[in-house]
Amino acid sequence: MSTTNKPLIFTVLAECKVCKARVSKMILPHKEVDTPVFMPVGTQGTLKGMLPEQLEKLGLQIMLANTYHLGTKPGPDILKKAGGLHKFMNWNGALLTDSGGFQMVSLLKLAEITEEGVKFQSLNQHKSEVMLTPEHSIEIQNAIGADIIMQTTRWLDRCLGAHSKPETQSIFPIVQGTLYEELRIISVNDHTSRDVHGFAIVVEKAKMISGKWYTYVLTFFQKNKPRYLMGVGFAVDLVVCCALGVDMFDCVFPTRTARFGCALTMTGQLNLKKDFNPIDANCTCSTCQNYTRAYLHGIVTVYPVACHLLTEHNLAFQLRLMKNIRDSIHENRFPEFVADFMLNLHPDRNYPTWIKDSLAAVNINLL
Amino acid sequence: MKFIVRNSKNRAPRLGLLKNIEGKTDVEIETPVVLLHTQGGHIPHVTHEVFKLVSKEPQILQIPLVSMHNFQETMQYYNGTISEFIGSKDSLTCLTLQDPSNLTKQGHHVKEKIPIWTKKGKVLYDSEMYMNIVESFKPDMYYLLSDGDTNKSSAPKRISKRKSDVLKKTFVMAPIAGGYCLKSRERCIEAVLANESDVGGFLIDGLHNNGPEVEFLPFVEVKDVVEHVIKKLPPEKLCSVQGCWNPVSVLKLVQLGVDMFDTSYCRILTERSAAMTFPIDSIEETDNFEINLRQPKYVDDFTPIMYSCQCLACSKYSRGYIHHLLTVQELLAPVLIMIHNIHHYLRFFKKIRECIRNNSLSDFENKISEQYKNHQEKVLSAKNQDEPRRFF
Ligand SMILES: [Zn+2]
Ligand SMILES: [Zn+2]
């Protein structure tokens, strides 16, 4: 047993004999996390009206927070005074913060990357220009106190230098798109720095992680460190990318879509006035235990509680899918699980090409 | 369901008990009681699952028909009760027409029909339609249809004679209309008593048009009517009012003999980001009657809304966190404020019952009145001080 204060201990427990999928345990300062894991996004230190008590009950182990948003409000001073975000928001599970840099570039059209940092127009009323330097980003992320913090590869060394809590917070470098140069920086850093405990990849869509590119990326990642695919979270993407060997995912979709009255189901839509069934008869969430489709249909988009009820289900849905994936890897039947999943989704066997190709690259053939 | 008065020596204030509840024989509810105001079947911002973290005691949900009208057709195909349908099968329900937390738009009545303003516009309800709703919703309690208008001419004419099995089991209450005219009120009471021998209680209706204004309705304006109506009503029956009465008005209404209220006051406070902080137990030290968590001074206040409060919001979350949630407009802010407000208001009613038992209600009323007066003065002087600043 290791007693060193490592902020992340990653142990692979089982691997698929056919594809690259694996089940692991990731021990973080605040929580042990079972991977492959889906992490919902609690941008501003809260998750769509859900109490942390409810999230714990759902079995949620880790969620995301946004460095840029929290750095603006309440700001690092308040977060420091509050004793970190965990205490501030009463969340006992693990937290992960993004770099606040890269994401902003895609969010704000006026953002500009320079060697010094990311320059963008502030969201505050003065619309003043703000320069977010890597050092500042790390300072905010240290104040937030997340278990895992992210940094763009370009500034990795500057961040590792500015990192004030290496015993309690791990840094993951982010590989953007297919930048060959960035991969090389990572490769170098792997050997020079023990503070990198995992890797993150950003792509615009899951389908960009098609077989060949991914195998290429993999050669730069050490097998004994977690791989995090940022911004991906549709059920089908999760299944494909688990087969490719991804360990961590995040996406705003399941929580954002609840506000618009959308409940996640494997098949079918929820819009039936006289349908007294739950959203999903196989779901054990409290929403499916207590409410009918007809009732939810009548209150969605009208009352905030409806959003809470759908968020509960949507999170339960994502967590259940990940558990099914982990169980099937453990029980050595993951390729069958994938094939059944895809057939259920495409009964006509008209599978999208990227799915067929990606899965074929890891030796999974569809039914 | 049966209502019994416990301390029958005094006409008011009084303690009572709702018991022999159909299907829930082990449940007894003490009065004065506060119904949990709902919209669309839920306490605003608080799901039934979250409410279980606030209180596990049996509650009566107040179901305003105006917020449930869109389920009218659906409920005709549903076999269960309204409490099952909205996902709170252990709660009791009380069906009422209007939402006490929203101002009721006044409209012309078309013959025997009463207008309600749903999110899809005006809908006219007549007695037939209304009783169909009652039969399909199967609430534990309901009010007979009344226009609740404050205009003086409201007459007690809309009383149904229908008696199905469902209706026989339900606790019926008759609204007493008549506005601020004592004679009209008397006529209404006489007619109700002559026609409806088996009503379990009454609603003193038509005191206001609902909505946030009720909080500031001077009690002196309603005192005479309420006193007069209660005097004329049979003392063994339940007496209720609806609306966002402030805590002082609630105490004064209890003093006159009112048995039943609702939590719509909690909603209007929560909507303006305010948390109740008036002291309930004598040992509680608080500096304010209510606090507005939007105020900048709470940004680094890591203390709970109230130290002495045991609610989930106060035991785990700080004023500073709620302030943050409010400034970034997150859904959890009203959830936490509402959890505290409902918890506090339920405690307030528990205290009222305790005070009646110990004959100390007047002392409690004086204390709360004093606090409320100080609070209002503070609010007014703050307003006056704020005024010049706006012109800079
Ligand atoms: Zn569910
Ligand atoms: Zn409280």
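Placed from the backbone N, Cα and C atoms, the Cβ positions cover glycine too.
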With B:CYS309, B:CYS311, B:CYS314 listed by TrEMBL as binding Zn(2+), identify the candidate in B:HIS324, B:HIS340, B:HIS375 belonging to that site.
B:HIS340
An 8 Å radius from the center of the B:CYS309, B:CYS311, B:CYS314, B:HIS340 Cβ atoms defines the neighbourhood of the Zn(2+) site; name the other residues of that chain inside it, in order.
B:PRO304, B:ILE305, B:MET306, B:GLN310, B:LEU312, B:ALA313, B:SER315, B:ILE339, B:HIS343, B:HIS344
Can you tell me how many other Cβ atoms are located within 10 Å of the Cβ belonging to B:CYS309 (Zn(2+) binding site)?
21
Counting across all protein chains present, how many other Cβ atoms fall within 10 Å of the Cβ of B:HIS340 (Zn(2+) binding site)?
27
Spatial neighbours of B:CYS314 (Zn(2+) binding site) that are distant in sequence (at least 6 apart) but have CB under 8 A:
B:PRO304, B:ILE305, B:MET306, B:TYR307, B:HIS340
Which of the three DSSP states, helix, strand or coil, fits B:HIS340 (Zn(2+) binding site)?
helix
